[in-house]
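Enquirer: Have a look at this one.
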Amino acid sequence: MSEEVKPESVSLYPASAAATPEQETVCIFGTGDLGRSLGQRLLQSGYRLVYGSRRPHSCGPVPPGAQVMSHEVAAQSASLVFVCVQREHYDFLETLAPQLNGKVLVDVSNNLKKNMYPEANAEYLQKLIPGAHVVKAFNTLSAWALQNGPSDANRQVYLCGNNPEAKQAVAVISTKLGFTVQDRGSLSAARELEDFPLQLFPEWRLPMRLTIGLTAFFFFYLLTRDVIYAYVDEGRDISFRIMMSLANKVFPSVSLILLSLCYLPGVIAGFFQLYRGTKYKRFPDWLDRWMLCRKQLGLIALALASLHVLYTLLIPISFFFILFHFQIKSNKTSPFDTTMAWRTDSYYAIGALGFGLYLLLGISSLPSVSNALSWREFSFIQSKLGYLTLFFCTFHTYLYGWDRFLYISQYKWYTPPGYMLCLVVPSLVLVLRLLLLLPCVDKSLSRIRQGWERTDPENDSKKSLLA
C-alpha cells in the first residue's frame with residue numbers, strides 16, 4: 001500500500017512517469033527565446049517537455065519533440081513549471097491557481113531596472129499563487145548560454161525559495177543540465193538575484209575609477225611639463241607630441257602603478273597579521289575590497305602595458321624616421337656613445353622581459369588556464385613571478401631615467417619628471433616585500449599563516465586574575 005503524499009510535500013515526478021524518471025515531464029509557460037532555449041536543453045537531458053501557451057496552434061517554432069498545450073492542460077501534466085514570461089503578464093496565472101497548487105513554479109524573470117516594483121517578481125508570484133512553491137532560478141543565464149551549454153564564465157545557477165524540497169527539485173534539473181547550483185536561501189533573496197543581471201561590471205568600478213583618475217593626472221601633469229612649458233618658456237610648439245609621445249609616457253606610468261597596486265594589499269595584509277599575531281581576525285573592509293579587485297587591476301595594467309609596447313613600435317615610424325632623414329639631408333651625425341648604447345639595449349631588454357612576464361600573468365588568470373593549474377602552480381605564477389614582473393618593470397623605468405634626475409633642467413617649473421612619480425609606489429612595494437622576506441620576519445609570518453597565534457600578555461594576566 002502506497003503512503004499518502006502530504007499536502008506540503010512536492011512530488012519530483014508525476015505519477016505516470018514514476019517508473020521511468022528519465023522521462024519526467026517538465027512544463028514551460030512561454031515560447032520566447034529563453035523558453036525555447038531552456039526547452040531544448042531539457043529535451044537533450046532526457047526530460048519530456050510540454051509548453052503552455054495562449055495560442056497552442058500558432059505559438060511559433062518550438063524544439064522538436066516538445067508538445068504545445070493550453071496553460072490549463074500543460075499545468076496539470078507536470079509537477080514543475082518554468083514561468084518564462086515577464087511580470088506584467090502574470091495575471092493569467094491567477095486563474096490557474098487550482099491547477100498550480102502544490103506545484104513547483106520556477107520564476108526566471110528579470111526587470112529592466114532596479115526597484116521597478118515594491119517586491120521581487122518571485123515574491124509577487126508567490127502572492128498570486130500561495131498554494132504553489134515558488135523558486136527563483138535561471139534568471140542570471142541568457143538564452144544563448146542555455147542553448148550552447150555552460151561555459152567557464154556562465155556555469156552557475158543561483159536559486160532561492162522557501163520550500164527545501166522545491167529547491168531540491170530545481171537543483172536536480174540544474175545539475176542534469178550541466179550547471180552548478182548556488183543556493184542563496186529563502187525567497188527574500190529573490191530581489192538580489194533579480195538585480196544580478198542589471199549590474200554593469202561591479203568588480204571593475206573601483207579599478208576603472210582609479211585608472212581614469214591616474215590617467216587624467218599624468219596626462220595633464222605631463223602636458224603641463226612637456227607641451228605647455230615648451231610653448232611658454234621656450235616659444236616652441238610641440239603640441240603634435242600629445243597624440244603619440246605624451247600618450248606613450250602616460251600609459252606605462254599608469255600601468256606600473258596599477259601593477260604595484262595589485263601586490264601592495266598583500267604586503268599590507270602581511271604586516272597586519274604580524275602586528276595582530278594571528279590570521280583569524282578580519283582585515284579592514286577597505287583592504288578586503290582592494291584585494292578582491294586585484295585581478296581587474298592587473299588586467300587593466302596589462303592592457304596599458306600592451307598599448308605602451310605598440311606605441312613604442314609606432315613612434316619611430318611617425319617621428320624619428322622623419323628626423324633621421326632630416327639629419328641625413330642636413331649632413332649631421334652624432335658620435336657613437338657606448339654608454340648610451342648599453343643603457344638603451346638594457347632598457348629595451350629588461351622591458352621585453354617584463355612584458356613577457358606580464359603576458360604570462362594575464363594568461364594564467366584566464367579561467368580556462370587557472371582551472372588547469374594546481375593551487376601551488378597558480379600561486380607561484382601570480383605571486384613569485386608577479387613580484388619578478390614588478391621588479392623588471394620598475395628596473396625598466398629606472399633605466400629609462402638613468403642619471404636624468406641629476407640635471408636641474410629636468411625639473412621644469414620645479415616639478416619632477418613623470419617617471420619619478422610613477423616609481424614611488426612600486427619602489428615602496430618592493431622595499432616592503434623585501435622586509436617581509438627577511439628570515440626572522442618570514443619565519444614569524446609563515447607560522448601565523450599556518451595557524452599559530454601570539455598570546456597577549458595583558459589578556460593572559462586578566463584571565464589569571466579572573467581565575
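For all residues, glycine too, the Cβ spot is worked out from N, Cα and C.
The domain 'Pyrroline-5-carboxylate reductase catalytic N-terminal' annotation in TrEMBL covers 25-111. Marked as domain 'Ferric oxidoreductase' by TrEMBL: 254-392. According to TrEMBL, the feature transmembrane segment maps to 210-232, 252-275, 296-326, 346-364, 385-402, 418-441.
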Enquirer: Using a Cβ-Cβ cut-off of under 8 Å, list the residues of the same chain that are 6+ residues beyond the ends of the transmembrane segment (252-275) and lie near it.
Expert: 207, 210-211, 214-215, 218, 283, 287, 290-291, 294, 297-298, 300-302, 304-305, 308, 358, 383, 386-387, 389-390, 393-394, 397, 418-419, 421-423, 425-426, 428-429, 432-433, 436, 441, 444-445, 448-449
Enquirer: What are the DSSP helix, strand and coil residue counts for the domain 'Ferric oxidoreductase' (254-392)?
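Expert: Tallying H, G and I as helix, E and B as strand, the rest coil: 117 helix, 0 strand, 22 coil.
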Enquirer: Tally of helix, strand and coil residues over the domain 'Pyrroline-5-carboxylate reductase catalytic N-terminal' (25-111) according to DSSP?
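Expert: The breakdown for the domain 'Pyrroline-5-carboxylate reductase catalytic N-terminal' (25-111) reads 29 helix, 21 strand, 37 coil.
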